[in-house]
Amino acid sequence: MANSTLVPEFLLEVFAETWELRILLTVLFLLVYMGSLLGNLIIIIVTTVDQTLNTPMYFFLRNLSILDMGYVSVTVPNACINSLTDHRSISVTGCAAQVFLVFFSACVEMQFLTIMAQDRYVAICKPLLYAMIMNHQFCVQMTLASLLTSLILATVHTSKTFQMSFCYSNVVSQFFCDIPSLLRLSCTDTFNNKLLLLLTAIGFSGSCFTFIAISYIHILSTVLKLPVKGERGKAFSTCFPHIIVVSVFVSSAAYVYFKPSAISEIVEDMTLSVFYTIVPPFLNPIIYSLRNKQIKKAVKKVIFRFFIV
């Protein structure tokens, strides 16, 4: 990689040019970051301590929370430090590591959301087969398959990106290293890189999103047949936020990665990047768990056990 890269380091963007706005945005992102860590940590603790939550649904929620804590930590702390200190430089190796970790985390996130949609589909549409289909062995296998698939994809895309030569500029138009911004800096042909991204988007992200959409269509169809209106409302209030988060995650990432470089705007790219790197780890605990009565009950039990007794 080093032989193909002519620049010694890259320069990342800060949140804003004016100091006052930069401070404001840094504090905002730090609050969101701390909220993400706290929400996901609560889920990890309660799903580990409370044995009544030893089900496939909470197994994947715990995995998603562990992933989200790592995902949001790849970009936010470094970006906040850069904005406050005005230290924008990042080494080529550090940039490659960030590209790999962001891509890996995004791929695992997408697969976990897909598996969780399947879990809800089986639980609601095929409840009698739930224990047989969503057994512990299947859950472990799907988790390992997600990690392995994401590892392969992230390795391939990162290696292909850093095989290019960067000689036009070393200023990355993002607050973290990402592939679209680096492709714009390359002075070599990027057709193969863009084709690989497109094939990954169609084959991987497209299939995951389609599976999630089909799963929720079946879920909503089943829910509409329920005789109790309260149960319908509960199911709808759970399904729609899930669909919104997945849609925002996929659409914002797709726009940043595939829009023509000629119409690239730094502020627009940075804003959209927030929606697929920072927003999902912050909203997932709220949507998937903190609105869940079992989680709330488990949190109270854990607090009573550790802080009151």
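Glycine is no exception: its Cβ is also placed from the backbone N, Cα and C atoms.
What TrEMBL annotates here:
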type	residues	note
DOMAIN	39-288	domain 'G-protein coupled receptors family 1 profile'
TRANSMEM	23-46	transmembrane segment
TRANSMEM	58-76	transmembrane segment
TRANSMEM	96-117	transmembrane segment
TRANSMEM	138-156	transmembrane segment
TRANSMEM	195-219	transmembrane segment
TRANSMEM	239-258	transmembrane segment
TRANSMEM	270-290	transmembrane segment
Cβ contacts under 8 Å made by the transmembrane segment (23-46) with residues that lie 6+ beyond its boundaries: 15-16, 53, 61-62, 65-66, 68-69, 72-73, 76-77, 79-80, 83-84, 278, 281-282, 284-286, 289-290, 295, 298-299, 301-302
Folded-back contacts onto the transmembrane segment (96-117), same chain, C-beta under 8 angstroms, at least six residues removed: 1, 57, 60-61, 63-64, 67-68, 70-71, 74-75, 78, 90, 142-143, 145-147, 149-151, 153-155, 157-158, 161-162, 176-179, 182, 204-205, 208-209, 211-212, 215-216, 242, 245-246, 249-250, 253, 276-277, 280, 288
Among the ranges 138-156, 195-219, 239-258, the one whose Cβ pairs under 8 Å to the transmembrane segment (58-76) are most numerous: 138-156
Confidence summary (mean pLDDT) of the domain 'G-protein coupled receptors family 1 profile' (39-288): 88
